[in-house]
């Protein structure tokens, strides 16, 4: 005991404390318990690693999915953007046939075409032009690829003795269908035409426009496009009376694909409405106008520097860059400095519904403005027939009244009356002659001309479908100028015995008519025509 105590006391202080520390340490676990703990720890650690790997993979998968969604959304947005760009951009006005403002033909020939009813006699030195029938036949004879026609009437195959020209035209159209020439025709859905059905059976493509559903109106457009090169625009539809009984007027453009480039889009607009009962809220960019009143087509007409554009009605049918007919007429009247000559069948500034009639001032007010504010001379040549509205005389009297006691205010009005001249016809002529009517629809000034499909009646412009043509020329004195030719036609009719002043009950002097010479065979061969007055 003493020895152990001595040993402890003799030991160094550091050694004693170390031994005490070692003795105070807990006993180490047995090897078996150590192995179990190690295995448990390893298992937990492995599970934790697996969970972390799974979470990392899940994060990567979610991130990858998000990237795919973002990429897909970007691709869709890019595709939509490209589609919108290509639908919005119309490079240089190019159409589906590759025709564009860069490669179209703007050096054109233009000719007036007229339809002079049988028995309508002018003086020997009066101007005459190519007959409507011959002009149409010329176009069909020139056709090699396509014929596109818009017309409100399709009654060519009639049994009346004066319907022979209509029958010949119908036979020519049938012939073209067998020559691999593409025929496209547009008509109003109300047209019950055996001619259209016959042409359709032969392969012609026929589009019926439901103007009643679109705008409570009807189709009155009348124009042709042949081989994407030649154009007719005028008052006449494809009706045997337009080639026999009615006085019609229009123009034919030859080799004028620049004008076709624009007019073809109106035809395409009509065709796009096939089988549709409503007008789309937005028109395709391919139907936008190429030229309008702000951007006129620059061209040569019979080697005369000219400008031109086509207009459309109703306003519902005027996509972007397409001039409304009323605006086109405004531009012609506003540019007039000396005179405005207007030849239409009816003049009635009234908009009518089934329950009421309201004043429609659009054109009436423009005429008054030209008379009073700019001292432009105005002449109105209207038709007098059984459907002339009595209110027409009231409005004409009102127009004349505003020039009372106003210096340099000149308005003159005449009625072109072919019906009363039947009193001068022989018994044989009366037995087989249908009512004749002047259906011209044009205006000419000292620098421009407008040729359209409408009379100057409110409902025509607001509800019906029609196309107009405006031509501007600086040099209107040479005989090749279409504006001078149109002015000469107006003055020929104005000074003829068929044009009467505001006295609708006065009977004609038959003896004065017998002094006039009939048309020569050269000019009268194909000039007999007009429109069915029941459908005007």
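Even glycines carry a Cβ here, placed using N, Cα and C.
Marked as transmembrane segment by Swiss-Prot on the basis of sequence analysis: 69-89.
Mapped onto three states, the DSSP output places residue 121 (N-linked glycosylation site) in coil. Among the features that Swiss-Prot reports, N-linked glycosylation site is placed at 121 (among others).
Residues or ranges marked as domain 'PLD phosphodiesterase 1' by Swiss-Prot: 215-242. Mean per-residue pLDDT, taken over the domain 'PLD phosphodiesterase 1' (215-242), amounts to 95.
Annotation comment: Swiss-Prot describes 302 (among others) as N-linked glycosylation site, evidence class sequence analysis. In three-state terms derived from DSSP, residue 302 (N-linked glycosylation site) belongs to neither a helical nor a strand segment and is classed as coil. Taking the Cβ of residue 302 (N-linked glycosylation site) as reference, residues of its chain lying under 8 Å away and at least six apart in sequence are, in sequence order, 109, 110, 480, 481, 482.
Residues or ranges marked as domain 'PLD phosphodiesterase 2' by Swiss-Prot: 434-460. Within the chain carrying the domain 'PLD phosphodiesterase 2' (434-460), a Cβ under 8 angstroms from the stretch's Cβ atoms is held by residues 117, 119-120, 160, 162, 217, 220-222, 233-236, 241-242, 244-251, 311, 313, 325, 328-329, 331-333, 335-352, 360, 362-363, 381, 383, 385-386, 416, 418-419, 466-474, 476, 482-483, 486-487, 490, 493, 498, 530-531, 533, 536, all 6 or more beyond its ends.
Counting every protein chain shown, the number of other Cβ atoms lying within 10 Å of the Cβ of residue 121 (N-linked glycosylation site) is 20.
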